[in-house]
Amino acid sequence: MANVVVVGSQWGDEGKGKIVDWLSEQADVVVRFQGGHNAGHTLVVDGVTYKLSLLPSGVVRPGKLSVIGNGVVLDPQALVDELARLESQGVHVGPDRLRIAENTPLILPLHRELDALRENASEGTRIGTTKRGIGPAYEDKVGRRAIRLVDLVDPKALPAKVERLLTHHNLIRRGLGVEEVNPQALVDELLALAPKVLPYMDRVWELLDKARKDGKKILFEGAQGALLDIDHGTYPYVTSSNTVASSAAGGSGVGPGALDYVLGITKAYTTRVGEGPFPTELTDEVGKTLGTKGREFGVVTGRPRRCGWFDAVLVRQTVRTCGIHGIALTKLDVLDGFDEIKVCVGYKLDGKEIDYFPSEMGAQARVEPIYETIEGWTDSTAGARSWADLPAEAVKYVRWLEELIGCPVAVLSTSPERNDTILVHNPFQA
């Protein structure tokens, strides 16, 4: 019986929501281990659509324990709002169904304001953040001045911690010509939220250790994608946390030995939201067709996603940096009807062929994709639930991708519906 880590193998938006929902039916515990409420996912359960951005996917399923780990940055107001939205849809999430690590750093209004101020002032050099305060909150965590969930327990000690935080932030705000934050007002705001969020607080490391010893199946759910990792992604056009699979351990308080199987969610083509390099991006009619057929708009931001052909170089690199055992290939049906399909199998950099994606920003912008072409298919793959249902050319495409990235397909998704899935290998039976 294995514990499973799910990560996106590209720039996010690979279809993790459906796969995690499908896996969460088998899991006993579902854990979010990094990120914040900047990465949304959509679930369809019993015909009802749920849009989540902070809570783990298992939260909409009765009998599942959902956990937010210490690697997440938590906006307490966003948590309260998301819980209220679920309540309005008939899903009550009490402390018996959700636990949050006591050492989770909080996103405060000043983080959101700073995020927006920086992004709006960075004309021409924007990173493409969602302006939800994720980056500034992680900065405070690393700077050892963050307000953490457990800090809300003691009202007498909280003001001194807020003063220490504001020594840093008000200095920045003065430099930006923005009104300073009143310490008492921030303390009052936090203490007003405390009764709404503290009932969910727990020692998550201890809770997960007990779950492991009790033989529970644990699903670790990553947000975004590995190419947005702060170290291994397309820096500086990345998120502010480690999104690779190994961060599931540090971001939830378990040892690396608790991670048995890594499933990489991989789109059958490539998309990206926001700024940054994208070697296979298509700005022609083909790119528009991929975007239209794939309904490529961000769940959180509503921004249209940039679209391009599958990049085997990037995914092969992610397979290595994440230690991926198998991939879940999604949105194969979007490629239905193309006469031919291209795949990037290498790059040219300054006239030289390379088989990796460089770390330096200038080199990332200069790489040119080397394509190979495969015959497309006219028959539909939508709704296929077995290999026999797929056109021969589609099967050939899938096998070709396996060969190029050096990793087998464990799951194949052929539509947004959770049952339209071909299971090759169950990750929980690793």
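Every residue, even glycine, has its Cβ placed from backbone N, Cα and C.
Per Swiss-Prot, the feature GTP binding site maps to 12-18, 40-42, Arg305, 331-333, 413-415; the stated evidence is sequence analysis.
Gly40 (Mg(2+) binding site) has a Cβ environment of 19 other Cβ atoms inside 10 Å. What Swiss-Prot records for Asp13, Gly40 is Mg(2+) binding site, and it gives sequence analysis as the kind of evidence.
The IMP binding site annotation in Swiss-Prot covers Asp13, Glu14, Gly15, Lys16, Asn38, Ala39, Gly40, His41, Thr130, Arg144, Gln224, Thr239, Arg303. For the recorded site, Asn38 (IMP binding site), the DSSP three-state label reads coil. Neighbour count (other Cβ atoms within 10 Å of the Cβ, all protein chains): 27 for Asn38 (IMP binding site).
Neighbour list (Asp13 (Mg(2+) binding site), Cβ cut-off 8 Å, at least 6 residues apart, same chain): Gly225, Lys267, Thr271, Val273, Glu296, Gly298, Arg305. Annotated active site, proton acceptor per Swiss-Prot: Asp13, in sequence order, evidence recorded as sequence analysis.
Taken from Swiss-Prot, the feature active site, proton donor covers His41, and the record attributes it to sequence analysis.
Residues or ranges marked as substrate binding site by Swiss-Prot: Val299, Val300, Thr301, Gly302, Arg303, Pro304, Arg305. According to DSSP, Pro304 (substrate binding site) sits within a strand segment. Every protein chain shown contributes to the tally, and the Cβ of Pro304 (substrate binding site) ends up with 14 other Cβ atoms within 10 Å.
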Cα separation, Gly302 (substrate binding site) to Thr130 (IMP binding site) (Å, whole number):
11
Could you check what DSSP calls Gly12 (GTP binding site) once collapsed to helix, strand or coil?
coil
For the IMP site made of Asp13, Glu14, Gly15, Lys16, Asn38, Ala39, Gly40, His41, Thr130, Arg144, Gln224, Thr239, Arg303, how many Å separate the two farthest Cα atoms?
35
Do you know offhand how many angstrom separate Thr414 (GTP binding site) and His41 (active site, proton donor) by C-alpha?
18
Going by a 10 angstroms cut-off between Cβ atoms, which of the binding-site residues Arg303, Arg305 has the sparsest surroundings?
Arg303
Fewest other Cβ atoms within 10 Å: which of the binding-site residues Gly12, Gly15, Gly302 wins that one? Let me know.
Gly302
Just the number: how many Å between the Cα atoms of Gln224 (IMP binding site) and Leu332 (GTP binding site)?
20
